[in-house]
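I have placed the structure first, in the form of structure tokens, so that the comments after it can refer back to it.
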Amino acid sequence: MSRPTATLVLRNAVVATCDRSPSDAGLLPGAAVAVEGRRVAWVGRDRDLEAEVNAGGAQVIDARGGLVTPGLVDSHTHLVFAGERAGEFALRCAGRSYLQVALSGGGIAVTTRATRAAPDEQLLADAAARARRLIAQGVTTIEVKSGYGLDAPEELRLLRIVHQLGDALGGDATILPTLLFHAVPPEQVGDRAAFVREACAALIPQVARERLAVFCDVFVEDGAFAPDEARRLLQAAKDRGLVPRVHAEQLTAGGGARLAAELGCASADHLEELDDAGVAALAEARVVAGLLPLSTLFLGSERYAPARRLLEAGVPVSLATNMNPGSAMSENVGLTLSLACLKLGLTPAEALVAFTAGGARALRQPDLGRIARGADADLVLWGCGSPEHLAWHMAVNHALVVVKHGRVVHEAPSAAMVDCR
């Protein structure tokens, strides 16, 4: 086999391949990664680099003992919205629950009004700023949902803005759009059946026809959609080639996880109220469990998703920020990793794999979330030498260099400094 000709090399690194198992980050000390174009061409011992790779013309980054991982895959976000809900946050700090606030006119309805009133340019600029904050922390793939328009014209508008987001970022991250059914529009609450029927007959086919979304997601919850309504929406989406996903068991045990298993969804996300039957259903169907600990923290709850039970049952798991204005107003990757360890019971290695390979699996993107020959060259050099350090020094951005498709897209001002103690 001829030697690959590298265009980019990261050497003197601790490489985490994240391609072994959910509990094994695949650490390779004293390693290097060679990139050819947009793909990983070689991974191995640093001392073997010159013999096995033609790196004479490559850009070389000396990791100085730092950790190199796959680019993070944020598999659950709501980046496109307008307005704020700081007043609602204060109400919850005073003891009101999320559902109580929503039933009194707050919640998604507040964001829907602001989003509908905002011009496209504002929505795009705000979403791009949020995405840039994620990229600067090592995220190279972002799933982005619609969901705050609620009615068909507004949902189509939001999905078109999500498509523009990829161009606005200049290819610095992969953007994967999702049509989200968040709630019945206020104009149609008197005839829910008509809304579901019209969505299945018109909105979903148009989204599929115009290729505006890869996924279709439904919020299965009291006050949102019942399992039977979600089943109709998701089956219509599947029939049109969209990949189904669900928000499940976040605030109540609503049967969303079992529905996800029944329909073969790519993922069931949240799961704070998941019971043993739901765990078993996800395990049997091999549906990815999407863990979103920032939401649990933000809502002031101590009832986190049963991550250990899920892993022990063989359920694949992903980890994501769930950045949104109502239940997780944060793009903090470091805090997400730390919460996964402190509150979900994951090891640092498990948290890292969940945020890389797990996210890729939730989005059905096999070339993402791992470092292996032929995989996408999405890489991060961190200012520390281990997954443990990433989770231990919490809520800090440790990303020094972020690479997307073999191109450096972000470099921290302190990129010369690596703390590998």
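Glycine is no exception: its Cβ is also placed from the backbone N, Cα and C atoms.
From a predicted model like this one, the values you see are computed outputs, not experimental measurements.
Per Swiss-Prot, the features are as follows:
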BINDING   His76, His78, His247  Fe(3+) binding site
BINDING   His76, His78, His247  Zn(2+) binding site
BINDING   Arg85, Tyr148, His182, Gln250, Ser327  4-imidazolone-5-propanoate binding site
BINDING   Tyr148, Asn324, Gly326  N-formimidoyl-L-glutamate binding site
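Here the features listed in Swiss-Prot are placed on the structure.
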{"residue": "His76", "record": "Fe(3+) binding site", "Cβ within 10 Å": "30"}
{"residue": "His78", "record": "Fe(3+) binding site", "Cβ within 10 Å": "25"}
{"residue": "Arg85", "record": "4-imidazolone-5-propanoate binding site", "Cβ within 10 Å": "22"}
{"residue": "Tyr148", "record": "4-imidazolone-5-propanoate binding site", "Cβ within 10 Å": "30"}
{"residue": "His182", "record": "4-imidazolone-5-propanoate binding site", "Cβ within 10 Å": "25"}
{"residue": "His247", "record": "Fe(3+) binding site", "Cβ within 10 Å": "31"}
{"residue": "Gln250", "record": "4-imidazolone-5-propanoate binding site", "Cβ within 10 Å": "27"}
{"residue": "Asn324", "record": "N-formimidoyl-L-glutamate binding site", "Cβ within 10 Å": "25"}
{"residue": "Gly326", "record": "N-formimidoyl-L-glutamate binding site", "Cβ within 10 Å": "24"}
{"residue": "Ser327", "record": "4-imidazolone-5-propanoate binding site", "Cβ within 10 Å": "23"}
Of the binding-site residues His76, His78, His247, Asn324, Gly326, which one has its Cα closest to the Cα of Arg85 (4-imidazolone-5-propanoate binding site)?
Gly326
Compare the Cα of Gly326 (N-formimidoyl-L-glutamate binding site) against each of the binding-site residues His76, His78, His182, Gln250 and report the nearest.
His78
Over all pairs within Tyr148, Asn324, Gly326, the annotated N-formimidoyl-L-glutamate binders, what is the largest Cα to Cα distance, rounded to whole Å?
11
CA-CA, which of the binding-site residues His76, His78, Tyr148, His182, Gln250 lies nearest Asn324 (N-formimidoyl-L-glutamate binding site)?
His78
Using a 10 Å cut-off between Cα atoms, which of these binding-site residues sit near His182 (4-imidazolone-5-propanoate binding site): His76, His78, His247?
His247
Return only the integer: C-alpha distance in Å from His76 (Fe(3+) binding site) to Tyr148 (4-imidazolone-5-propanoate binding site).
15
In terms of DSSP three-state secondary structure, what is the assignment for Asn324 (N-formimidoyl-L-glutamate binding site)?
strand
